[in-house]
Amino acid sequence: MQTPKQLGGIDFGLMDPETYRDISATKVITADTYDDDGYPIDMGLMDPRLGVIDPGLECRTCGQHSGSCPGHFGHIELAAPVIHVGFTTLIRRLLRATCRECGRLTLTEMEMEEYREELDRAEDLGKDPDTVLKAAVRQARKAGSCPHCAEPQADIKHEKPTTYYEVQNVLSGEYSEIIAEAMQPDEDDEDDEGMSPQALSDETGIPLDRINQILGGEFRPRDDGRRALEKALDVDLTEEDMNKLMPSDIRDWFEQIPDSDIEVLGIDAEGSRPEWMIMTVLPVPPVTARPSITLDNGQRSEDDLTHKLVDIIRINQRFMENREAGAPQLIIEDLWELLQYHVTTFVDNEISGTPPARHRSGRPLKTLSQRLKGKEGRFRGSLSGKRVNFSARTVISPDPTLSLNEVGVPDRVASEMTITINVTDRTLEEAKQYVANGPETHPGANYVKRPDGRRLKVTEKNCEELATKIDAGWEVNRHLIDGDIVIFNRQPSLHRMSIMAHEVVVMPYKTFRLNTTVCPPYNADFDGDEMNMHALQTEESRAEARVLMRVQEQILSPRFGENIIGAIQDHISGTYLLTHDNPHFTETQALDLLRATQVDELPEPDGEDETGPYWTGRTVFSLLLPDGLDLEFDSSAGDTVIIEDGHHLQGTIDEDAVGAFGGEIVDTIVKQYSETRARVFINEVAALAMRAIMHFGFSIGIDDESIPPVADEQVDEAIDNAYGRIDELIETYRAGDLESLPGRTVDETLEMKIMQTLGKARDSAGEIAEDHFADDNPAVVMARSGARGSMLNLTQMAGCVGQQAVRGERINRGYEDRTLAHYEPNDLSAEAHGFVENSYRGGLTPREFFFHAMGGREGLVDTAVRTSKSGYLQRRLINALSELEVQYDGTVRDTSDRVVQFEFGEDGTSPVKVSSSEDFEVDVEGITDRVLDAEFDNDSEKEAFLTPSESPTNLSEHTDTALSSEVESDD
Ligand SMILES: [Mg+2]
Ligand SMILES: [Zn+2]
Ligand SMILES: [Zn+2]
């Protein structure tokens, strides 16, 4: 038995090839895996010293069987060194920053010291050391020759992924031809007589016989001579000489770099020597990391890593054979490149510019890097998050008959998901019944656990018999039943209310059902959204969920301190219809409205008309309000709502009263009454509103968005006026008389003025349209009450769609100087730059349609970009904040007990406990009044408490013994 160890720290670095050999259980030399009898071949890829996966076999390294043996690394001796793809950028940096001759960093000692200090400083300040390293490499690269050995330095070219060249400018092989050519007279210029060798000699200072030797190709001019010739003849006599650096060259180069120099580049020479980035030994992962699968037909299917290793060993062998046979250099280089390719793709098979290694089927192989990277990789897929038991996922659909605390769970989910009950004398009969029902009848059981720990599956066959055996001390995994608490979640989970606890209601069919009032916190709709459910497995978690996570506890959002659960959409249209004109209802009608609420008795009628006694809409609504509620606020419809002692006296109940996102009444009930009262209120408002909207009938059609021909003419006139004004603007601009606005160019000023004019035109079109809509127009009702849509939407449908914009400007892109081929170049008119004068109802012209599609597409792209960005931001935030925790002393600390905040949120205040009324940020008086009322039974006690009284200030009575003894000793 091993004892647990505490880790002091982890160092990351490169591994020494010697260490690879040390930890290796065996050298792997053959590409074959199993012999004809199906036994693993010695020194093959499945060598039993590398670990075992077949149940019968014993590991030859640790002696354990499959399951206990952790597996052991092997190694392959590479025939030639190859570059590790993971380090290509670092290799490039080192090649550029060090001397090709002596291996020293091409910086002076003083510069090195400077960078060392800067590196230390960056570390102290917690800055990214990479910026310092990059600067050091940049400076080292500038050195034309080595400051230590004076060797001229060549530039390094990196051809991805793993090829490096030294680039040097050398004398072109055709230097004599180039010079001779340049000395010829220019054919097009009669005055030009060319340059004689004598003249060239005079100009360059090179003796005439040397010039002749150069022209004859017998002498290669040195650097100085070359430069003089280039200057005199204005030619380039050099060509780039690309010298390929083989991995072995790079390895030799890196071996020379002194430890002290690479430290300047941020490499810890103790743990990582740069030459180790060029591999001479390849570790072979244990068999347990690449298990083979036996197919149904008895055939073995090997892991992708094994396939890759087979390739490497084959090429490695061919390389060695060819080299021993003295094969030509070209063949050796080809094989070397092939070996490099296989080792590269073994590490990472998704390198740009390199074709991925593929299976025979054409599927790219999943090699080392692919196992780790990305969403399904080891880190994000297997360690940070995993699939869990006792969870279910399906499509959601609405059910207004459920409470907002409930969730409808399909019966087939309820009988798959279980909750464990510990059988006691009190639960015995119940438990027996569940088991007797079996796994297929609904409130049944799937498993039982005997007191000795054996788990038995309940089947249709054994359930009756098993039920008789159940006794205290057993455990029964029963199906979910009505009233069980479960956790419900919709992704993306962007705030606390994305995961809430609901009570189960088992239902037929296959979808989860929820009350529509919980759509806002989940941001759910029913266009195919899916949600997850988790059945809680311990009594503690269920209790916690019920107290802390239940939907009704989440009515107030910690984001803005007001309710996020409340009436939405049709609920709001419903309450608007019920309360705006305060309609009359007969007794039957009133009771019908209230049928889905707990109210079963009507108050005294409000009056009598020709049909008999009547009740008004506001009276009906008042029945849902708690007694004693006093409120006054402005509704979104524009009137003032007055509620006194739970009676709704005046105003329209709409979004501002009962809506999600800060409906006053809901908000006040949660804060002044209780979550439970608020839950009842929201449920009943939703139910009442649904009855009300059904009572009146509510629908929209295309005719609801049409305006009379007179209005159409007015809209056309308004737009024509705007066009006229724009023409004037353009004329002034063309005449050069347009005055620019402060800080703007004339062009910008014109654009702004045109936009302004068109904006006004659209607004006035909207006003004209608005004037012609009746107050009971359903679209108007929805817009005014805040149920859905806006007057702008209506304007666009009935009046004029307006200016289309891309990047906040009129549409300017397209052809040269114009947006479409249909317009004259430089046409600045509204029409040519995406103003849509028609309404949606009237229909857009093809050109308008095209501009509209441009504007619309920008919107779609923006949304797509935003969601992916916010998703990534969320991931980073979660990772950064995951270890912060509020401790019992109220501080927020990280895992090493460092205080991040002394009080949560730096003020210790919960947004949901703070009054959201605009007049008082915190309703201090209201709170003290409520506290005092609750604390004292009568006014005289309260008075006594509130009247300040002088407290006795005799210190000696309060001085404790310790203090007094200290005082004495002072004497
Ligand atoms: Mg959706
Ligand atoms: Zn083993
Ligand atoms: Zn040097």
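Even glycines carry a Cβ here, placed using N, Cα and C.
For Cys69 (Zn(2+) 1 binding site), the same-chain residues that are 6 or more apart in sequence and have a Cβ closer than 8 Å to its Cβ are Gly51, Val52, Cys59, Thr61, Cys62, Thr288. Positions annotated as Zn(2+) 1 binding site by TrEMBL: Cys59, Cys62, Cys69, His72.
Neighbour count (other Cβ atoms within 10 Å of the Cβ, all protein chains): 24 for Cys99 (Zn(2+) 2 binding site). The feature Zn(2+) 2 binding site is assigned by TrEMBL to Cys99, Cys102, Cys146, Cys149.
As annotated by TrEMBL, domain 'RNA polymerase N-terminal' applies to 275-579.
Under the heading Mg(2+) binding site, TrEMBL lists Asp525, Asp527, Asp529. Asp525 (Mg(2+) binding site) carries neither a helix nor a strand DSSP state and counts as coil.
Sequence annotations record features per position, and here TrEMBL assigns region 'Disordered' to 941-971.
Annotated compositional bias 'Polar residues' per TrEMBL: 948-971, in sequence order.
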Contacting binding-site residues, sequence order - Cys99, Cys102, Cys146, Cys149, Asp525 vs ligand 3, Cβ under 6 Å:
Cys99, Cys102, Cys146, Cys149
Zn(2+) 1 site, defined by Cys59, Cys62, Cys69, His72: further same-chain residues with Cβ within 8 Å of the Cβ centre:
Ala25, Arg49, Leu50, Gly51, Val52, Arg60, Thr61, Gly63, Gln64, Pro70, Gly71
Distance [Cα-Cα, Å, rounded] between Cys146 (Zn(2+) 2 binding site) and Asp525 (Mg(2+) binding site):
68
Among Asp527, Asp529, the most crowded of the binding-site residues [Cβ within 10 Å]:
Asp529
Near ligand 2, which of the binding-site residues Cys62, Cys146, Asp527 are found, taking a Cβ distance under 6 A to any of its atoms?
Cys62
Do you know offhand how many angstrom separate Cys102 (Zn(2+) 2 binding site) and His72 (Zn(2+) 1 binding site) by C-alpha?
40
Additional residues around Zn(2+) 2, ordered along the sequence, whose Cβ is within 8 Å of the centroid of Cys99, Cys102, Cys146, Cys149:
Arg100, Glu101, Gly103, Arg104, Thr106, Pro147, His148, Ala150, Glu151
Quick one: pull the CA-CA distance for Cys99 (Zn(2+) 2 binding site) versus Asp525 (Mg(2+) binding site), whole Å only.
65
C-alpha spacing of His72 (Zn(2+) 1 binding site) relative to Cys149 (Zn(2+) 2 binding site), in angstrom:
46
Between His72 (Zn(2+) 1 binding site) and Asp525 (Mg(2+) binding site), what is the CA-CA distance rounded to a whole number of Å?
52
Output, ordered by sequence, the same-chain residues six or more apart from Asp525 (Mg(2+) binding site) with a CB under 8 Å from its CB, or 'none'.
Cys519
